[in-house]
Amino acid sequence: MTTPPVLSLALPSDTGRVLSIQSHTVQGYVGNKSAVFPLQLLGYDVDPINSVQFSNHTGYPTFKGQVLNGQQLCDLIEGLEANDLLFYTHVLTGYIGSVSFLDTILEVINKLRSVNPNLTYVCDPVMGDEGKLYVPEELVHVYREKVVPLASMLTPNQFEAEKLTGLRINSEEDGREACAILHAAGPSKVVITSITIGGILLLIGSHQKEKGLKPEQFKILIHKIPAYFTGTGDLMTALLLGWSNKYPDNLDKAAELAVSTLQALLRRTLDDYKRAGYDPTSSSLEIRLIQSQEDIRNPKVELKAERYS
């Protein structure tokens with residue numbers, strides 16, 4: 001009896017086949033739970049590898065679960081390779097907690113690029129936020145020296161962009177310069193997903209279409225929502241992957257669509273917690289992903305990108 005073909009390989013879609021290596025929680029939406037479903041709604045075949053499997057995210061009083069190590073990741077990749085299943089158009093990575101696991105992911109990227117040289121690697125370099133690291137310091141060096149050169153698109157927040165470039169971002173010009181520094185190191189697309197300057201929240205995006213050329217840069221002013229949510233960075237990076245692949249020459253349009261989805265989802269989440277009688281400012285909130293399917297598929301763009309000259 002012959003093995004039937006994998007239809008996502010035999011009949012590839014016009015979107016792509018994504019390998020997403022991120023965390024997983026049984027309850028709630030962070031990591032792969034935030035990324036896989038939206039990408040599937042946008043038409044992608046997504047194969048998740050769960051770097052951890054926890055009962056819930058670590059913001060709860062307790063959590064239980066397992067952590068995947070580098071050898072176990074290699075075992076999964078070897079299983080795919082043995083069955084000729086290693087052709088992917090995209091790899092997506094998020095939170096990674098150890099140098100050894102990150103080094104193994106780099107080996108995986110190189111192996112996948114040997115199968116598909118046009119592989120797009122989208123990396124959310126999750127290291128910390130608001131001036132605080134929540135990964136070991138040695139990971140910063142690995143991201144800067146090894147990961148950034150391999151990435152096709154990078155989606156740091158303000159703090160992470162500062163750690164990767166050594167540049168303090170105190171103005172829009174600093175944000176644009178940080179993007180240029182990152183372009184010089186590797187990725188053609190950089191989106192600093194959240195920057196706070198003078199109390200104003202914005203996103204700065206940059207697309208260098210050819211090495212040596214001046215990048216096309218833009219900003220989107222973002223409405224602050226008075227609450228803290230989990231899983232939003234994972235969702236944002238997945239949406240940027242999804243829309244930037246559909247609009248490869250218009251990163252600003254991709255960012256508009258991603259931001260619009262996220263804003264609508266966060267407003268719904270906030271409203272639903274209020275309807276349930278819960279004070280949404282008292283702790284981090286689980287996002288209403290399933291209830292926001294239409295906003296993922298067909299976002300209404302309310303916040304427009306403004307291109308820098």
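Backbone N, Cα and C define each Cβ position, glycine as well.
Listed in Swiss-Prot for this protein:
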MOD_RES   Thr2  N-acetylthreonine
BINDING   Ser23, Thr58  pyridoxal binding site
BINDING   Thr58, Gly233, Asp234  pyridoxal 5'-phosphate binding site
BINDING   Asp124, Thr155, Thr193  Na(+) binding site
BINDING   Asp124, Asn157, Gln158, Phe159, Glu160, Thr193, Ser194, Ile225, Pro226, Ala227, Thr232  ATP binding site
BINDING   Asp129  Mg(2+) binding site
ACT_SITE  Asp234  active site, proton acceptor
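On the structure: features taken from Swiss-Prot.
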residue	record	CB count, 10 Å
Thr2	N-acetylthreonine	4
Ser23	pyridoxal binding site	27
Thr58	pyridoxal binding site	14
Asp129	Mg(2+) binding site	14
Thr155	Na(+) binding site	30
Gln158	ATP binding site	25
Glu160	ATP binding site	24
Pro226	ATP binding site	7
Gly233	pyridoxal 5'-phosphate binding site	25
Asp234	pyridoxal 5'-phosphate binding site	27
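DSSP classifies Thr155 (Na(+) binding site) as coil under the three-state reduction. Considering only the binding-site residues Thr58, Asp124, Glu160, Pro226, the residues lying within 10 A of Asp234 (pyridoxal 5'-phosphate binding site) on a C-alpha to C-alpha basis are Asp124. Ranking the binding-site residues Thr193, Ser194, Thr232 by the number of CB atoms within 10 A of their own CB puts Thr193 at the top. Looking at the residues that bind pyridoxal 5'-phosphate per the record, Thr58, Gly233, Asp234, the two CA atoms farthest apart are separated by 15 Å. In sequence order, Ser23, Val30, Gly31, Ser34, His57, Gly94, Tyr95, Val126, Thr230, Gly231, Thr232 are the residues of the same chain, not among Thr58, Gly233, Asp234, whose CB sits within 8 A of the CB centroid for the pyridoxal 5'-phosphate site. Mapped onto three states, the DSSP output places Pro226 (ATP binding site) in coil. Distance between Cα atoms for Ser23 (pyridoxal binding site) and Pro226 (ATP binding site): 26 Å, as a whole number. Taking CA atoms as the reference points, Gly233 (pyridoxal 5'-phosphate binding site) and Asp124 (Na(+) binding site) are 8 Å apart.
Around the Cβ of Asp124 (Na(+) binding site), the number of neighbouring Cβ atoms within 10 Å comes to 28. The closest partner of the residue listed as 'Mg(2+) binding site' among the recorded positions, by CA position, is Thr155; the full candidate set was Thr2, Thr58, Thr155. For Asp124 (Na(+) binding site), the nearest neighbour among the listed recorded positions (Thr2, Thr58, Glu160, Pro226, Thr232), judged by C-alpha distance, is Glu160. Relative to Gln158 (ATP binding site), the recorded positions with Cα atoms inside 10 Å are Thr193, the candidates having been Thr2, Thr58, Thr193. With respect to their backbone Cα atoms, Thr155 (Na(+) binding site) and Pro226 (ATP binding site) stand 23 Å from each other.
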